[in-house]
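Enquirer: One structure is given below, represented as structure tokens, and several questions about it will come after.
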Amino acid sequence: MPSPRRLRFLCIALLAGVIITMLWTSQQRHSATRPLPRDLTDHSPGIDRDADGDVDIGDAAAAREMTGRLKQAELKAKDLANSKSPLKPDLPSEVIGVGSAADGQTEGDVEGGEAEGEHAAEQELRLILKKAPVIIFSKTYCPHSKKAKAVLLNKYLIEPAPHVVELDIHPQGPELQALLKEKTGRGTVPNVMVNGVSIGGGDDIAALDASGELAAKVEDLGEARKVEMRLRGPEGA
């Protein structure tokens, strides 16, 4: 049987072993329940994206891939929306002109330009009317103009000789035609004027010629400028 001193030593050693074992077990439990740092366990929101039962680096890669796909889908949606709904063009009232000549223009500039064009056409018309008592406003391709010119230039001899203005080749043709419509009420060709007075177009000239009144009418209106008109002879004299 061990001595009392030896028995006391064994009890103390056993008690010390139990205490050490309990301390070690408690420390291990505390370490197991303490969460690891976030940067070691997860690089993305705490979601198991790869469905492997835990949140790990694979979940972070899956999250980055999903984010990239979402961005690509968003860009495709924007491109599709833009292709179906293009930018609206400017309203016609907001567009003053097109091309370099219209850059910087305002409505006042455009109106001023139109007024200058009308003034230039009026000056040109006054100059034309001074060239001869009888003026034939015509167009080279117009069949009615050709008939009127055939009567006035070939069938009759008019002195001073009529002056012919071909509006389709005149630099201010459109402006002159618009001005003639405003002044005489006739916006088509031919438009025959004697001493500033319109006597009509192709049908009017043909009717006056058929009734024998054409020469008398022309001479009456051109009396102030001594207009003479007669039928040409057999040889065109």
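In case you wondered, yes, glycine gets a Cβ from its N, Cα and C as well.
No curator has checked TrEMBL annotations; they are predicted automatically.
Sharing the feature lines straight out of TrEMBL:
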type     : residues : note
COMPBIAS : 36-52    : compositional bias 'Basic and acidic residues'
COMPBIAS : 106-115  : compositional bias 'Acidic residues'
DOMAIN   : 134-199  : domain 'Glutaredoxin'
REGION   : 28-54    : region 'Disordered'
REGION   : 81-119   : region 'Disordered'
Enquirer: Count the residues of the domain 'Glutaredoxin' (134-199) that DSSP assigns to helix (H, G, I), to strand (E, B) and to coil, and report the three numbers in that order.
Expert: 25 helix, 20 strand, 21 coil
Enquirer: Over the domain 'Glutaredoxin' (134-199), what is the model's average pLDDT?
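Expert: Averaged over the domain 'Glutaredoxin' (134-199), per-residue pLDDT gives 96.
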